[in-house]
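> Under the heading Zn(2+) binding site, Swiss-Prot lists Cys21, Cys24, Cys39, Cys42.
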Amino acid sequence: MSDSEQTGEQAAKRTGQLETCQRCGRKQGLVGKYDIWLCRQCFREVARGMGFKKYS
């Protein structure tokens, strides 16, 4: 078992996080608000297409 797999399993046990990004499968940095379940990187790429607006 590699270190990255072990870290992912340990993170799931520690946080109770069972979801993964629906786009790329990443387990960390998830945006779960509104049941989106995208990692933060994927969310940044598709947020405008989903109707989110960026305010500065």
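Including glycine, each Cβ sits where the backbone N, Cα and C put it.
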> Taking the centroid of the Cβ atoms of Cys21, Cys24, Cys39, Cys42 as the Zn(2+) site, which other residues of that chain lie with their Cβ within 8 Å of it, listed in sequence order?
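Nearby residues not in the site list: Thr20, Gln22, Arg23, Gly25, Arg26, Gly29, Leu30, Leu38, Arg40, Gln41, Phe43.
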> Under DSSP, is Cys39 (Zn(2+) binding site) helix, strand or coil?
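The three-state answer is strand.
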